[in-house]
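Please read the structure below before turning to the comments.
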Amino acid sequence: MGQKQLSGIRDEPYQKDQLIWFLNKACVVRDVNIGSPGSNPCSVPTVEKVESLKSLIRIIPVWSSGILLFTNITQTFPVLQAQKMNRNITSLFEIPAASFSLFMLLTVTIWILFYDRILVPFLAKFTHEPRGLHPKTRMGIGLILSIIALVVSAIVETIRRDLANSNTPVDMSAMWLVPQLVLLGLAEAFNAIGQMEFYYSELPKSMASLAMAFFMVSMAVAAIVGSLIINIVDSVTCQGSDISWVSSDINKGHVDYYYWLLGFLNLLNFLYYLICCRVHRSFSSSESRLSH
């Protein structure tokens, strides 16, 4: 970059990624008078800025693989299912249908405490990973648990729908919804915390604040994706039939088919995640070779 170093460039030589090497061209000095009075020092990005952009690009594919999981978590069909089931704990107390999401929240809280206090020290002895499991491993486990949760949801809904013959609650305990909610809670605990650790480990310190921003954006995008999927399913399944899969009257609709569809989409998403991890490993290995 010439005999003079630009202000803000780190002393160590920057690493040249083989997969996004073209971004290094942004640091090429084309103005020989860049250091003279009247020149614009911002016309050439610093190496630090270019490397920060590379870090951002590297995590975007992995980030995108977590969107569908949050789509599963934000589904409101368990509330509709609970309304059509027996929610009585005793003859004097009935659990509100909307309160069943509490099982998912409790699972997340309990599992995080259990994992950090008990499992991390135990797993670290075998994995030699200070966090117990690598963040990408935790994210992958979360995606697998999400698929299992959707399969359980489809089976439970199939049984519930077979028992339903009217608008009255079926003689089936709403507690059958708890296993799928617990699995979704575990999926969120694994994947969400894994995402945060992954972002903090991959992004430079100057961009650490973006870790939480990425997490919140994924939840916002998941809400949009969830609405889009429901609208598409509703419009497609209504053709040639008066009742869609996602009808507000779930006794007439086929929410079980919708769960199977989500399970299939999540399976494809998991395969996509594996590809993203392989690509990210290629980034990391190329950096490791070049740095040595």
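One is the number of the first residue shown, and numbering goes on along the chain from there.
Heads up, the Cβ atoms here are built off N, Cα and C, so glycines get one too.
Bear in mind that the values here come from a model prediction, so they are computed numbers and not experimental data.
Copied from TrEMBL, the annotated features are:
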type	residues	note
TRANSMEM	56-77	transmembrane segment
TRANSMEM	97-118	transmembrane segment
TRANSMEM	139-156	transmembrane segment
TRANSMEM	176-194	transmembrane segment
TRANSMEM	206-230	transmembrane segment
TRANSMEM	257-275	transmembrane segment
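Outside the transmembrane segment (56-77) by six or more residues, the chain places 20, 104, 136, 139, 142-143, 146, 149-150, 184, 187-188, 191-192, 195, 198-199, 202-203, 207, 210, 214, 218-219, 221-223, 225-226, 229, 246, 250, 255, 258-259, 262, 265-266, 269, 272-273, 276-277, 279-280, 283 with a CB less than 8 A from a CB of the stretch. Two recorded stretches are said to be in contact when at least 3 C-beta pairs lie under 8 angstroms, sequence spacing 6 or more; the transmembrane segment (257-275) and the transmembrane segment (176-194) fall short of this definition. When Cβ-Cβ distances below 8 Å are used as the criterion, the transmembrane segment (206-230) is approached by residues 48, 52, 55-56, 59, 63, 66-71, 73-75, 192, 195-196, 199-200, 246, 262, 265 of the same chain, each at least six residues removed from its ends.
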